[in-house]
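Step one of this worksheet: look at the structure below.
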Amino acid sequence: MATNFASHHCLVVDDFQGMRYLMRDMLRECGAVHVEMASNGKEALQRLLERRYDIVLCDYNLGQGKNGQQLLEEAKLRQLIGPATTWIMITAEKSSDWIMGAVEYQPDSYLLKPITADLLLSRLEKIAVRKQAFADIAQAMSNKQYTRAIALCDERLAYDTVNASELQRLKGSLLLDAGEIDAAQKLYETVLANREIAWARTGLGRICFQQGEYEAARDHFQISREQAPGYLEAYDWLARTQQRLGDAEHAESTLSAALKLSPNSPLRQKSLGELALQRGDLDVADAAFRKSIAVGEHSILKTPEAYLGLAKVCSKSSRSDEALKVLKSVQHQFSDDDVALRAKSAEGMIYTQENQLSKAGAVANELKQMLQERATRPDSTASLEVAELMLATGQRDQAVSLLQDVVRNNHEDNLLIDKVQAVFDSANMKAEGSNLVEACRREAVELMNSGVLLARDGKLPEALAAMRGARDKLPANARVLFNFAFVAVMYLQKLGTDEALIEESRQALREANRVSPGEKRFSQLMDALNKLEQR
Amino acid sequence: MNPSSPQPDLATILASSVHDMKNSLGLMGRLLAKHEAVWTGISAEAQSEYSHLLYEVNRMNANLISLLTLYKFGKGLYPFDPQPCQPAEICEEVAMQHRVLLSASKVVLHIDVPDDLVWHFDADLIAGVLGQALTNAINYTTDTVRIAAGVEHDELWLAVEDNGRGYPPQMLVDSRKAVSGVDFSSGSTGLGLYFAEHVAQLHRNRERIGSLRLENGGPLGGGRFVITLP
């Protein structure tokens, strides 16, 4: 049972030298040999970039700059640590900041000061045992092999009673990822038959949400919130559901309640700002966006939307100068092409509102240039915002082509298509816009089916060529991407394995899963590709 | 202070002072424990005073943590989210935290908790409650204390038992029959008990609710502190 830590690489992160040495000595008492130290988040990131660590002991308070939680989030998101790394957070008292964060950003354990070497050793050993138990499942999960991960959970559930609850939680979320809704629902109901458990209740709520049963979803999330007020995921879902039910007021108070428990979440603060802005509650929106920006200063989870939202609030409150300043700063903070497009569009809209038409026109031309220079297509939100400005400045063709592209790539996303229509409406192009949308939808459906019909007739090479063409035209359309992979699998099964095509199909599937997660076809087609490879 | 500045909230001042006191007591406890070896060669009386010193520091530290937690409960700021836990692990850690106090007090601790037991509860709160009960038991026992756990009637029970003289009759409690009616004016035991009862009742499973009992007897024949969690 005892783990040998002699070969482990350990990192101690603490801003106090005395504490660093104390931790290092404790790790040595536990049998560790390779112990390195960092005194702040920046230094720690440097170390984490240089090598893969097995154990990280990190104090929550790191003085100026990132705190321990922000460091962990960045390390996870940038994949500087993997599921095999043990991360222990050290803190003076139980705080809601990380306990209440999303599961994927939680440390493996936290230790309340004062810490002793025997306590540390005992924790390290327990975590090592747990990591071992979950190692193959974690591996399958990071390869997005949902079917395999689910099978591994089942295998383990048959004998591992100690980890049963965690295994069921994992299995539930894997079933949702794999689009196995019925199985997930059954699992959650079985768990809830024994005891009220927040993740299972929230899981049921998510299923109802996905099926558009918003009232039932709301009830589930509310039960979860009452039973486990510290399980914040339920609050986020509840707010989303209340919004779908048109109850923006309660959605706002739900988010406020969650933020009382975890004020340092840049994403949740941003969501509150967006809700308040939508309700026209400019004071609340202003404060929430500012708070999101402030708490996100050192966080990898900071969002451009907080800045863009704040700019909108400023411009609505007739503080255009401030709005323009915020738009400058968002481009400075995020070197991202889509963010630049959105900031520029917002800038142009401010000029049109102020009747500074030549300035607005100049911005529109600048945007045109930016669109020509970039290699990839802009995301839907950026496209919509750019199109809005183009219409306002009379660049009709440019706007129409952007909006057509959005519809073609998302022809089944009704919420998004409503937004496209709204942009046409506000430019007095209601009927014309509606015709354009309809035509694009038809076009997308035709492209989507093009290869599938040929494949059914047995014309596999022609089918593959047709789907490839469709994919190149609609590179972000999940239906098209799935159908491309589907036809490719048929082709491979009939005409023999081709590694390049397998990889091409995997890439299409990964993109489809990114655009539209939780679809059954993703794991089915991935499994089929894995089987083909093993032949 | 500027008369127009907002009135500071007394509860917040108290909480932040308690926090500060807790840190300094924590440091004291660590220093005391660190010099454990020095105290072994001294007279029996001094040894007993040393163990008493450790006991008081432990007790105060636990009290301050209870106060801070109660403050968070009151403000709706405690992140209560029960998780599947292994009582055996929690008990082992509680024992580690009491290692020095146990050896200075020459008290033997038995842990009698099944390894494969898993139950849903808030590990930090339960560890806090058990720690306080253990500190208390070490002080009042003759020479042995025991932590035990099991499942009965679909409830987890955790007990801290000693072989001392037991609780005086007026302290015996069963929160299912009557609230303990903790009387803070009567002295030292109020806060720990109040906290434990609060923590027990925070743990619910649908309509069922946790409970607290102080009784005498049990395998060791002394006081017996029992918390049950549905």
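We number each residue from 1, going along the chain as drawn.
Glycine too: its Cβ is placed from the backbone N, Cα and C atoms.
Feature annotations, reproduced from TrEMBL:
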type    : residues  : note
DOMAIN  : A:9-128   : domain 'Response regulatory'
MOD_RES : A:ASP59   : 4-aspartylphosphate
REPEAT  : A:232-265 : repeat 'TPR'
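In terms of DSSP helix, strand and coil, the domain 'Response regulatory' (A:9-128) has 52 helix, 25 strand, 43 coil. Summed and averaged per residue, pLDDT over the repeat 'TPR' (A:232-265) gives 93. Of all the Cβ atoms in the protein chains shown, 22 others lie within 10 Å of the Cβ of A:ASP59 (4-aspartylphosphate).
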